[in-house]
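In what follows, a single structure is set out as structure tokens and then discussed.
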Amino acid sequence: MTKADQIFKANIQKIINEGSLSEQARPKYKDGRTAHSKYITGAFAEYDLAKGEFPITTLRPIPIKSAIKELFWIYQDQSNSLDVLEAKYNVHYWNEWEVDQTRTIGQRYGAVVKKHDIISKILKQLAENPWNRRNVISLWDYEAFEETKGLLPCAFQIMFDVRRVGEDLYLDASLTQRSNDILVAHHINAMQYVALQMMIAKHFGWKIGKFFYFVNNLHIYDNQFDQAQELLKRQPVASQPKLVLNVPDRTNFFDIKPDDFELQNYDPVKPQLHFDLAI
């Protein structure tokens with residue numbers, strides 16, 4: 001069993017056994033019912049990517065291609081436009097969060113990255129001093145929240161650090177997430193930010209190091225407990241999936257494409273499970 005599957009099953013079981021029930025929940029299902037959840041707080045995981053530990057479960061198929069395309073929309077295109085997301089990447093699931101028929105998600109995610117020129121600043125800082133301790137990407141922008149409606153960012157902060165091991169430099173990353181639907185989005189979000197870590201490492205010709213993942217509120221929605229039990233029953237495959245970025249070292253961050261990523265040794269348990277999303 002992979003480390004990701006061990007952590008996944010342990011967290012599902014912990015939520016079922018020890019979780020608290022939500023109150024005054026904001027999300028709704030499509031039929032208008034309030035989407036309550038059972039949750040735990042302060043979930044943490046550590047993966048050593050250099051040793052082949054990747055945060056993706058084999059217990060169900062994870063749509064990694066669309067997840068990486070979404071990441072490019074945020075950090076390369078630096079856009080909040082649903083038209084860009086659909087036309088360029090053929091990704092449609094963000095339509096559920098369109099703001100007031102604007103064909104945007106409001107001043108969120110990519111719009112905040114562009115507003116503060118975050119990627120250029122991070123790359124400049126790392127180029128000038130790889131060992132600086134100020135490499136923080138934060139999407140938590142109160143001014144933007146007041147400017148427009150929109151879903152507040154779930155994965156909202158990632159920090160980077162560089163370590164020397166022998167002759168090699170390794171890039172570590174720490175992702176902080178305020179809220180996460182473990183059955184649907186947990187491994188999508190984790191692998192998105194592993195991909196971002198890999199893109200920055202490639203930009204400088206560094207190796208990928210460790211990935212740290214902290215979720216403040218990790219939950220299962222009240223219409224997902226049958227799926228949770230099914231996942232606990234499933235036996236994971238033996239192979240360890242691995243995400244590979246097939247570009248030369250020092251490829252410019254903005255020249256990398258979604259198709260440059262390849263998920264190897266991934267043969268998840270099927271069939272896929274159906275989830276009604278909370279919006």
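Any Cβ shown, glycine's included, is placed from N, Cα and C.
Residue density at CYS154 (active site, nucleophile): 17 other Cβ atoms are found within 10 A of its Cβ, drawing on all protein chains shown. Per Swiss-Prot, the feature active site, nucleophile maps to CYS154.
DSSP assigns ASN189 (dUMP binding site) to a helix. A C-beta separation below 8 Å, combined with a sequence spacing of at least six in one chain, links ASN189 (dUMP binding site) to ALA67, CYS154, ALA155, LEU175, GLN177, ASN180. The dUMP binding site annotation in Swiss-Prot covers ARG133, ARG134, ARG178, SER179, ASN180, ASP181, ASN189, HIS219, ILE220, TYR221.
The feature (6R)-5,10-methylene-5,6,7,8-tetrahydrofolate binding site is assigned by Swiss-Prot to ASP181, ALA278, with sequence analysis given as support. Counting Cβ atoms from all protein chains shown, ALA278 ((6R)-5,10-methylene-5,6,7,8-tetrahydrofolate binding site) has 23 others lying within 10 Å of its own Cβ.
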Ordered by sequence, the long-range same-chain Cβ contacts of ASP181 ((6R)-5,10-methylene-5,6,7,8-tetrahydrofolate binding site) under 8 Å (at least 6 apart) are SER37, HIS219, ILE220, TYR221, ALA278
Between the two most distant Cα atoms of the dUMP-binding residues ARG133, ARG134, ARG178, SER179, ASN180, ASP181, ASN189, HIS219, ILE220, TYR221, the distance in Å is 37
Across ARG133, ARG178, listed as binding-site residues, the smallest other-CB tally within 10 A is for ARG133
